[in-house]
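Listed in TrEMBL for this protein:
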type    : residues                               : note
BINDING : LYS143, GLN206, GLY235, ASP266, LYS411 : UTP binding site
BINDING : HIS236                                 : substrate binding site
Amino acid sequence: MASFVKSLPVGGGVPDEGLTVPGGGRRHGKSQSAFAFDNTSTSVAASQMRNALNGLADSVKDPRTKVAFETEMDNFFALFRRYLQDKAKGTTLDWDRIQPPQSSQVIPYETLPKFEDPKLLSKLAVLKLNGGLGTSMGCVGPKSVIEVREGMSFLDLSVRQVEYLNRTYDVDVPFVLMNSFNTDDDTQNIIKKYEGHRVTIHTFNQSRYPRVLRDSLLPATKDYNSPIVDWYPPGHGDVFESLQNSGILDRLLEQGIECIFLSNVDNLGAVVDLSILHHMRETGAEYIMELTDKTKADVKGGTIIDYEGTVRLLEIAQVPKEHEQDFKSIKKFKYFNTNNIWLNLKAIKRVVENHELQLEIIPNSKTIPVDKKGESDISVIQLETAVGAAIRHFKNAHGVNVPRRRFLPVKTCSDLMLVKSDLYSMKHGQLMMDAARFGPAPLIKLGSHFKKVSDFQKRVPSIPRILELDHLTVTGAVNLGRGVTLKGTVIIVANEGSTIDIPNGSVLENVVVQGSLRLLEH
């Protein structure tokens, strides 16, 4: 049997990181007997998992594939073991030590010199996180291929942005996609159409980890070829190890690339900014996180904090329930993470090779079907990490408070309506807000009848004009006609079992439409 999980001791107790030894003045909050029980349980669970992973490795027939798989499972075992340790210790941040970031830890974008040195682009690569499917919006395949503007997808717009950089400044900024096993095949077929474009595209896959059965804490997977439902991509915090394991990191370094700009593929505001790139170079920062001001719609977003003089990312999942309102306070925590991250490649190589990354683990509970009919299912856990949590592992890491225009994600059809509207025009793949717009983008809330893209397109065949809109709420079976204009605050609520048809050419300004309104052809 293979035994590839080395230098990760299982027995002999759990390292007492952050806990107080007897007489040290702090408490770990557990009795000695309870801690001993958890310690033993941790050792047993880790040992059983290690044996199970070795068995999975034995099911791989191809030698080269086996080596790569063993490395992947090595990383998974380290993550699983940390999860067990955190559970045993009850590891949490001490809320009393959490403070808003210091002024040196978040730099206002407006104070950055407007510096445009095209030479810096020769040291840059652009990386898009492309692991997600469009299932939440009712689509099949990678989310990045959803049409968002003028017949173009997220992927089309991203490629167009990088190609424009390369043509304008006569450089060769590589475009890198981190796919998942869910999106890789489709993405490989799609990117063939960019072969005639002035952009070099690299792809690599994030890890494929086995889901963990909640009851036994063993893999749901039986062998290397287990069904896809038994595996999961472990979040974008996996980007560091996957970049290294894929060989892409070394390839970029050999090409003289020093910095990578990472963002979610569905964030249409995440374009290369030479001022931030110059600021990174001048300050020697190994990691810069773009933050933007919180609104009431963003109160659950992760934020930068100062923790005993160190900059860290705080997610709502880490916050004790009694302090959730403090976390959501716009006054105390003014910013949230856009997941636009600037990273030094040599620093990535250092922290990965030295095993310095200890990203906070996000346990994600799921269920998977046991039978083909879907009549019964089983509870599993996915252990995930986020790229933002790595900020504390890099030198001179800090945030830059950027304008809201750099955060324009499309997570729902409400977001899709916004980016398709007259509020924005498109230039070289970048969305630009109309100069006539006063204030931030409007808040749009579409109900469950608009959840799927196909339903949204049927009910909104023509995107309304919203240049003067502040707030829109639509619930129930509502159909918008063509050439509709919305201004101020508009609320449209169709009663259950009823339908509201907004006539073509309607102008709705500061109104509430409720009940039923059907337009009949005659």
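Backbone N, Cα and C define each Cβ position, glycine as well.
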Query raised in the report: In the structure shown, with every protein chain counted, which of the binding-site residues LYS143, GLN206 has the densest set of Cβ atoms within 10 angstroms of its Cβ?
Result: GLN206
Query - Neighbour count (Cβ, 10 Å) for GLY235 (UTP binding site) - result: 23
Report summary line: The sparsest Cβ environment within 10 Å, among the binding-site residues HIS236, LYS411, is found at LYS411
Report task. Could you tally the C-beta atoms, other than its own, that fall within 10 angstroms of the C-beta of ASP266 (UTP binding site)? Result -> 24
**Report entry** Between LYS143 (UTP binding site) and HIS236 (substrate binding site), the C-alpha gap once rounded to whole angstrom
**Finding:** 15
